[in-house]
Amino acid sequence: MDHKEIILLFLLFLKPGQGDSLDGYVSTQGASLHSLTKKQLAAGSIADCLAKCEGETDFICRSFQYHSKEQQCVIMAENSKTSSIIRMRDVILFEKRVYLSECKTGIGKGYRGTMSKTKTGVTCQKWSDTSPHVPKYSPSTHPSEGLEENYCRNPDNDEQGPWCYTTDPDQRYEYCNIPECEEECMYCSGEKYEGKISKTMSGLDCQSWDSQSPHAHGYIPAKFPSKNLKMNYCRNPDGEPRPWCFTTDPNKRWEYCDIPRCTTPPPPPGPTYQCLKGRGENYRGTVSVTASGKTCQRWSEQTPHRHNRTPENFPCKNLEENYCRNPDGETAPWCYTTDSQLRWEYCEIPSCGSSVSPDQSDSSVLPEQTPVVQECYQGNGKSYRGTSSTTNTGKKCQSWVSMTPHSHSKTPANFPDAGLEMNYCRNPDNDQRGPWCFTTDPSVRWEYCNLKRCSETGGGVAESAIVPQVPSAPGTSETDCMYGNGKEYRGKTAVTAAGTPCQEWAAQEPHSHRIFTPQTNPRAGLEKNYCRNPDGDVNGPWCYTMNPRKLYDYCNIPLCASLSSFECGKPQVEPKKCPGRVVGGCVANPHSWPWQISLRTRFSGQHFCGGTLISPEWVLTAAHCLEKSSRPEFYKVILGAHEERILGSDVQQIAVTKLVLEPNDADIALLKLSRPATITDNVIPACLPSPNYVVADRTLCYITGWGETKGTPGAGRLKEAQLPVIENKVCNRAEYLNNRVKSTELCAGHLAGGIDSCQGDSGGPLVCFEKDKYILQGVTSWGLGCARPNKPGVYVRVSRYVNWIEREMRND
């Protein structure tokens, strides 16, 4: 369930004025606690459940979980720090923030963490014990002060903060070393700052992170759930020396914020390594030469290269001497070099030797691996071994070996026969609903995957990531199918997927319920006992069942066939999606990028630019590709080709009848074809983005082309390469493209170099995968050379011109 649906649930189940009360809780969709001390109560809303937790007197309520369909609330003494979490359907877990926090605000009067040692390392005495010290403060004398176990507390408002009685007979009490919460101050470089400062150093108001005005940007809160990009508060999502924000001044894109450093010692760092693990952010070895053998510049020096990656700006990153480090979240340790001609370079650090590759343990660098050519699973999907890694709401799956953001026991070691590779959808616990995965969204523990049973996609086809499978029309009446999650489904199916008859929505037997009735939801189509989806459940239509021991279950409603003759952005041959570092890319699977065209001169037939089919009659390319001639008859377009020179009989060659240049001199142009292209498995348009859509930073996208390959294998055949999008704020740094990239452009590439678009790729597509299709986000435009380190390629941002594109096509 995505964030919008969670918000809708809150609105549905909260009473007026109760929303703010939940600010003190952390919510996790799909998580249930194993609790020993709990109460199970009837509750008609989240607000009811919240009130029961806040008013509990038999024990301290640290969490509650709400089951909407059961109208049930479970309030608990435990939380995820003290108890194990299991995945569960249709439940939201709410945990009180104060009991999850291990930091203090102010003097720590409200601290409720679990620190139980003093500054000098002495174990604390239990507050309820009378030996070795008879306490003045105890649970019985001060019941509201949280005097549990032997945890550090501040029941007397001591100005020096939390303390405890000690187990040392000679030391009655001592203070504890509790770090400050990063709300009024910051540790390190403010990566975990969660305060509410929303003005820059010069006093400018910050722009809200979920706004794209006045500055469009790629730090989209929904794409970076772990970065806490709330409201317009200063944050540090990209490894800067301190928190910053985009400003509301159109003439000032961004600026640092003035956040003071905390005066107490920072929290203890995690484990450090003398070898490479993950991205190497915790590498503390002494390698001091780059991959090409250049000596590293000392981090504290400013010659030959001036920079702000200094020990003062990054006090927690151990920037000692000239050792290779990764202070800012790069893909590997690096350093500035002592060569004035090479600003910086990655280092070669020996791997720690784990059998698990770094990429597998780091969900942030895992590629998107959801097939567009639809895979399916047999039965309940326990045997599914495909490469889908996206949930049914479009969330990215967490790697099975990773414990971030969700800790779990479904690991390859615990389930060796379950095929738990990378972050691919699997079914290790034999879930009857099919393959699932943990998500990379901290607020959504897990979801089912964006897959269908083979019986719903044509049936009987073996599961494979390679074999194309084209969905067939469902064998039911035209109206008895659903679009999306089936919220608008009004068919007459009245049995669950397991074959159990549905209970009528107006009935209260065998199951009594108050929320989902024809009276409470008059627009939800709750007629008779038909399957419906009144709460927008991502798993589709459901019903209360006639089985007294089964409250509800889901129905098996097929998806409706597409209304259009083709679907943009969906190739019929699965792309290779090679993650290699088209200089340095790999040869594409033939016809796996069916919108790619070759722009040629009509008479010589020589390829000189790429382009993208966006409708049967229109191609999008770069304006600079049309400098050879202003006459449309000079050009022709080749569609459905894989080889640049050897054109098969199924390749389409179509003349151009009109050239339309963008009126404000942007490097983008439309070509109208002399006749509509024939849509085949080899020729399919790409999808256009929504107007002004901004691709999130680090999104993995793909470029294709027949351009210059600099001697790498595959020349003459269509090549592909995977590139991460780089936020313009980063791309415009002095060491990269030095403010050359406009807001109407985007850049993408590997800063280490080695892979890029090149001459002959101009005008071609940069497409990004979104849930189930490829969207054309960029037109290959320019770069400083090909595949040079620190010089990513630049692409026209298509979303800024969608209104112009659609207007020209419509008015022609």
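Glycine residues also receive a Cβ, built from the backbone N, Cα and C atoms like all the rest.
Of the listed residues C49, C61, C61 is the one Swiss-Prot pairs with C53, by disulfide bond.
Swiss-Prot records a disulfide bond between C181 and C103, which is the match among C103, C124, C245, C257. Swiss-Prot records a disulfide bond between C397 and C437, which is the match among C352, C437.
The separation of C324 (disulfide bond) from C335 (disulfide bond), Cα to Cα, is 5 Å. In the three-state DSSP reading, C609 (disulfide bond) counts as strand. The number of other Cβ atoms within 10 Å of the Cβ belonging to C609 (disulfide bond), over all protein chains shown, comes to 25. Of all the active-site residues given, namely H624, D667, S762, none has its Cα within 10 Å of the Cα of C49 (disulfide bond). Here the CA atom of H624 (active site, charge relay system) lies 23 Å from the CA atom of C768 (disulfide bond).
Counting in whole angstrom, C347 (disulfide bond) lies 50 from C61 (disulfide bond) by their C-alpha atoms. Cβ neighbours of C352 (disulfide bond) (same chain, under 8 Å, six or more residues apart in sequence): Y273, C275, L276, K277.
With C502 (disulfide bond) as the anchor, the candidate disulfide-bonded residues are C53, C316, C625, and the one with the nearest CA is C53.
Summary: among the disulfide-bonded residues (C176, C275), the fewest other C-beta atoms within 10 A of the C-beta are counted at C275.
Recorded residues C609 (disulfide bond) and S762 (active site, charge relay system) have their alpha carbons 5 Å apart, per Cα-Cα distance.
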